[in-house]
Amino acid sequence: MTMRAEVRRRFLALSLTSQARLLTAIPLVGINLIGVLLVTVLALFVIPLPVDIDADWIAFNAVVIVSLAWPVAVFGHWWAFRQIEPIVGWLEARRTPTDDEKLTLLAVPRKAFAFHARGWLLGVITFMLLNAWRLGWAGAWSVGQIVLIAGICASALAYLVAERLIRPLASVALRDGVPDRMRLRTVVTRTMFAWALGTAAPVVGLVMVGTRLLTDDTTATVNEIARTLIVIALIALVIGGVMIALAGRATSDPVRQLRLGLAQLERGDLDVHLPIYDGTEIGVLQSGFNDMAAGLRERERMRDIFGRHVGDDVARAALEGGVRLRGEARHVGVLFTDVIGSTTLATEREPGEVVMLLNRFFEIVIDVVHQHGGWINKFEGDAALAVWGVPTEVDDLEQKVLHAARELGRRLQAELPEVPAGIGVTAGEVVAGNVGVAERYEYTLIGDPVVEASRLSEVAKKFPGRVVANAALLDAAGLEADAWVRKNPVRPRGRVAETVIAVTRD
């Protein structure tokens, strides 16, 4: 096992409280050690002071730093642990945090910055007062400026580190959305902190050097000034570039996730949910994306349910164009199929078996009809009405209706012989549209072809193939007409005129 794996194993073995305290203590100590190191480097090697410094001055300030470090560290850890207690509470309870607990979590970066800023400001005042008696006020002011530069860096770094550390927790806390009362941290704020750390702090150092030159202080040599300018310029270039890159990455990462999420939606994959971990406007954007995706999923679910009742084409037309309670004359193809001997089927078999057989029957009907460009307008007990040509037009309508009827007859006899059914097919003019009232309506067809298809399905029960079509369809069916044979005219039940029919050759 590698050292890294062993450290990870031991860390995960700790309680959540211990993990949270460890993750809080290490950055807190590290950030302030960086600040102290920066003060030391700037004072000894970079920014020349107005007076010469000696070993006694260095030892004195080292004692001051060590003396202040312990009480500040103790108080800092006490303060930090108080901030994380509410967060650890809902984590250990494995529950969804309240809005107040979410706000507490999202306020951690702002509080971390404020805490470090106040602490380092107190350090500026303390070091100025303690160095005034030895260096004079001019020297004390220079020391104060050095501590101020380190304080700016430490405070800005604390904000950025805290914002990064809470991301995993924020993704859990904000899974169901952002609080309504959330005080937004803006992307501009994040960028300004990166600017303060990478640019403002070095520029303050340059201002100090410029001020020294304006005062005509001769204690600093040209070489010292040149070294100072070069070092500060390099710090600004390197640290400034790194911080701007990190701030840009903090913004670009969630934006990239949004782009990938949108790409999924464009591909029709609505099962997408982005983790919300950003406390800026981007977090609100992530939450809004999830709400939009949830709305699309709900719309698709409703369209699917609606389509199962009225057909996909009707559902799509209603969703896109709204509901209009009126009809239109259309040329349509109609297929009607009805189970033969359904009463006997119901009396001789168990109810559960009857339902199973009917479901299998309708499954075959739906599959064949959809494969041939039609849709199921309605189920009527043990019968089904399929339609072509509404609400969208269908090319080669007669050919598709006849082929669907022939294929349906073949499949029912091959796959479900225990449920025989008659199939009637015709085509003609109907009035199609929504009938009812705005609160309850139905897309239906009104016209002679619907009645004729139903009557032809009764006639079909007398033929071996159990499929009968109005022979007039053959004239427009192309090559499909070769698979049918015309028969003598019949007068279906309830019809006045006779109808020339056709049956399948096989």
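In case you wondered, yes, glycine gets a Cβ from its N, Cα and C as well.
According to TrEMBL, the features are:
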DOMAIN    249-301  domain 'HAMP'
DOMAIN    333-457  domain 'Guanylate cyclase'
TRANSMEM  21-46  transmembrane segment
TRANSMEM  58-81  transmembrane segment
TRANSMEM  119-137  transmembrane segment
TRANSMEM  143-162  transmembrane segment
TRANSMEM  192-213  transmembrane segment
TRANSMEM  225-247  transmembrane segment
Fill in: Residues from the same chain, set at least six apart from the ends of the transmembrane segment (225-247), whose C-beta lies under 8 A from its own
45-48, 160, 190-191, 193-195, 197-199, 202-203, 205-206, 209, 212-213
Worksheet item: Does the transmembrane segment (143-162) make contact with the transmembrane segment (21-46) through 3 or more Cβ pairs under 8 Å, each pair 6 or more apart in sequence?
Response: yes
Response to the item:
The mean pLDDT across the domain 'Guanylate cyclase' (333-457) is 89
Response to the item:
Beyond a gap of at least 6 residues from its ends, the CB atoms lying under 8 Å from the transmembrane segment (58-81) belong to 21, 24-25, 28-29, 32, 36, 43-44, 115, 119, 123, 126-127, 130-131, 134
Discussion item. Quick test of the contact rule: Cβ under 8 Å, at least six residues beyond the ends. What residues does that give for the transmembrane segment (192-213)?
Written reply: 42, 46-48, 50, 113, 142, 145-146, 148-150, 152-153, 155-157, 159-160, 220, 225, 228-229, 232-233, 235-236, 239-244, 246-247
